[in-house]
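Below: the structure, in structure tokens.
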Amino acid sequence: MYWVGSKFAFLLLFVLLFSNSGKSQQLIVNYYNETCPRAEDIIKQQVFSLYKKHGNSAISWIRNLFHDCMVKSCDASLLLEIKEEEGGIVSEMKSSRSFGIRNLKYVNKIKQLLENECPDTVSCADIMALAARDAIVLIGGLEMEMKTGRRDSRECYEGVVEDFIPNHNDSLSLVLSRFQDIGIDAQATVALLGAHSVGRVHCVNLVNRLYPTVDPTLDPDHGEYLKRRCPSPNPDPKAVLYARNDLQTPMVLDNNYYKNVLGQKALLLVDQQLGSSPITLPYVQQMASNNTYFLAQFARAVLLLSENAPLTDEEGEIRKDCRRVNK
């Protein structure tokens, strides 16, 4: 029996060694300590400075991280603008799922500062992740110790964006499944959707709940308010037609989002479904009653999201320009 056990242990060790031999180095905290010691400080300073000038930039950082990390990997593929032979541009930003994404230009601004400080060292993917981390603190979230060491993708995935990022009209089961596919559990998914506590929603994404009749799962008074904000069932996507996610604290990351869900005042259909599913309702109730719990779960969820299938070692590159692959 001892010989059999020893043989099994040896084979198990061999399998583990073999299975890990081709894996890339994992992300680590303070990855740039030796190669670019000021990297995280430079990113934080820029995020804070931009926030003072443009408060909505903090919300953009969070959304941009979500759209980048959900599609294949946290690899800055969202930023790529690849020229086709015919002269066109291939970009994930062309997907309908990318509607409303803003402020990507600031990534390259920070990138140029880092190139001056430490050439060919800090990835665009890490800039996006760290900027989101710092922005979260500015709007009321918790400080996080985030791992770094991501590399940038050499390709974008504009043809498959909709396979990874759910639509606001998708069923909750599909949304939970999409998050589960990248290792984010139901509790963390509910927490991540709490990002809808801040910012605003374009009427393009609201009118399906307002016309031809107001969705019965929407509070009638709130429905009338939204119809005043969105007076047409066919809003112009380029027009300034928005409604705030949270009327009480529109620029603060807090648990008012969950209170709105329970009060049938959530804007998007997927938000409202959180309050009717037996899978998610307990988490909604707990987050609605305990802001500290929500913020802790939100931080955990962001870290899970930021570590989705990162490119490390030789799998990617460190782009000099976040919009272009290196030549």
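Glycine is no exception: its Cβ is also placed from the backbone N, Cα and C atoms.
Taking all protein chains in view, 21 other C-beta atoms sit within 10 angstroms of the C-beta of HIS67 (active site, proton acceptor). Residues annotated as active site, proton acceptor in TrEMBL: HIS67.
Under the heading Ca(2+) 2 binding site, TrEMBL lists ASP246, THR249, ASP254.
Positions annotated as disulfide bond by TrEMBL: CYS36-CYS118 (among others). When Cβ atoms from all protein chains are considered, those within 10 Å of CYS36 (disulfide bond) total 16, not counting its own.
Feature annotation from TrEMBL assigns disulfide bond to CYS69-CYS74 (among others).
Look at TrEMBL and you will find CYS124-CYS322 (among others) tagged as disulfide bond. Counting every protein chain shown, the number of other Cβ atoms lying within 10 Å of the Cβ of CYS322 (disulfide bond) is 24.
Long-range C-beta contacts of CYS203 (disulfide bond), restricted to its own chain and to partners at least six residues apart, with a cutoff below 8 Å, comprise ARG229, CYS230, SER232, PRO235, LEU241, TYR242, ALA243. Under the heading disulfide bond, TrEMBL lists CYS203-CYS230 (among others).
Summarising the annotation, TrEMBL assigns domain 'Plant heme peroxidase family profile' to 26-326.
The signal peptide annotation in TrEMBL covers 1-24.
Taken from TrEMBL, the feature site 'Transition state stabilizer' covers ARG63. A 10 Å cutoff on Cβ-Cβ distances gives ARG63 (site 'Transition state stabilizer') a total of 18 other Cβ atoms nearby, all chains included.
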Chain-mates of ASP246, THR249, ASP254 with C-beta within 8 Å of site centroid, Ca(2+) 2: SER197, VAL198, GLN248, PRO250, MET251, VAL252, LEU253, ASN255, ASN256, TYR257
Just give me the nearest neighbour of ASP246 (Ca(2+) 2 binding site) among the recorded positions CYS36, HIS67, CYS69, CYS118, Cα to Cα. HIS67
Spatially, which candidate from the recorded positions HIS67, THR249, ASP254 is nearest to CYS36 (disulfide bond), comparing Cα atoms? HIS67
Quick note, HIS67 (active site, proton acceptor) and CYS124 (disulfide bond): C-alpha atoms separated, nearest Å, by 14
How many neighbouring Cβ atoms, not counting its own, are there within 10 Å of the Cβ of ASP254 (Ca(2+) 2 binding site)? 21
